[in-house]
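Going by TrEMBL, these are the annotated features:
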ACT_SITE  H146  active site, tele-AMP-histidine intermediate
BINDING   N76, G138, A139, G140, V141, H148  substrate binding site
DOMAIN    50-159  domain 'HIT'
MOTIF     144-148  motif 'Histidine triad motif'
Amino acid sequence: MDTGDVRIDNPAEFPPQEDTVERLWTPQRMTYVLRNSENRPTQPKTKECPFCAGPKKSDEDGLIAWRGTFVFAIMNLYPYNVGHLMICPYRHVGMITDLDDAELFEFEKATTLAMTVMKEVSHPDGWNIGINQGEVAGAGVAAHLHQHVVPRWNGDANFMPIVAQTRTMPILLGDQRAAYAEAFQRLAADFGLPSDVQH
Ligand SMILES: [Zn+2]
């Protein structure tokens, strides 16, 4: 489709696909693809670890949806799917085996809270949840542990490649963060978690 300078993807080029086990790991593939394309989102110039830098900013600037005692929830700048969230420890450690018991408990408890938040905010039909441990396994930021929580909707596979390339994603991210943050604050106590811990 020729529309001058604006590229519009043809949905017919992204036919529906069956979900397979392989798709569980595609979020990282998309991050990798975007990083190596001309259309990649602007990367921060600082070399500081993004998961250490994020909580130092305001919730809005850092795209933080929730702050717990040991872990926090942050929007993925390079989402595979709308509403892609990550649970990270504040501590800069790479492996889930590096977490102590209190961190590990909140890390997983926050993951279940995130699922419940998504249920209320956007009613997904399913989720991809997982951790890539080490660069060889596809971790974009291997040095700082993060658990992906990716909501899925029936039939989403055919339009996600288009959504991931649109320029409107940053606006969606901000709106999504605000909607998540409200639900996190409201629901955290049901999970025995603090609603908002300032560090
Ligand atoms: Zn870090």
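Glycine is no exception: its Cβ is also placed from the backbone N, Cα and C atoms.
No curator has checked TrEMBL annotations; they are predicted automatically.
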Within the same chain, the residues 6 or more beyond the ends of the motif 'Histidine triad motif' (144-148) and with Cβ under 8 Å of it are 27, 49-52, 76, 84-89, 92-96, 98-99, 107, 111, 128-132
Grouping DSSP H, G, I as helix and E, B as strand, the residues of the domain 'HIT' (50-159) number 42 helix, 25 strand, 43 coil
H146 (active site, tele-AMP-histidine intermediate) sits from G138 (substrate binding site) (Cα to Cα, rounded, in Å) at a distance of 12
The residue listed as 'active site, tele-AMP-histidine intermediate', Cβ-centred 10 Å count of other Cβ atoms over all protein chains shown, is 23
Between the two most distant Cα atoms of the substrate-binding residues N76, G138, A139, G140, V141, H148, the distance in Å is 15
Rounding to whole Å, the Cα atoms of A139 (substrate binding site) and H146 (active site, tele-AMP-histidine intermediate) are apart by 9
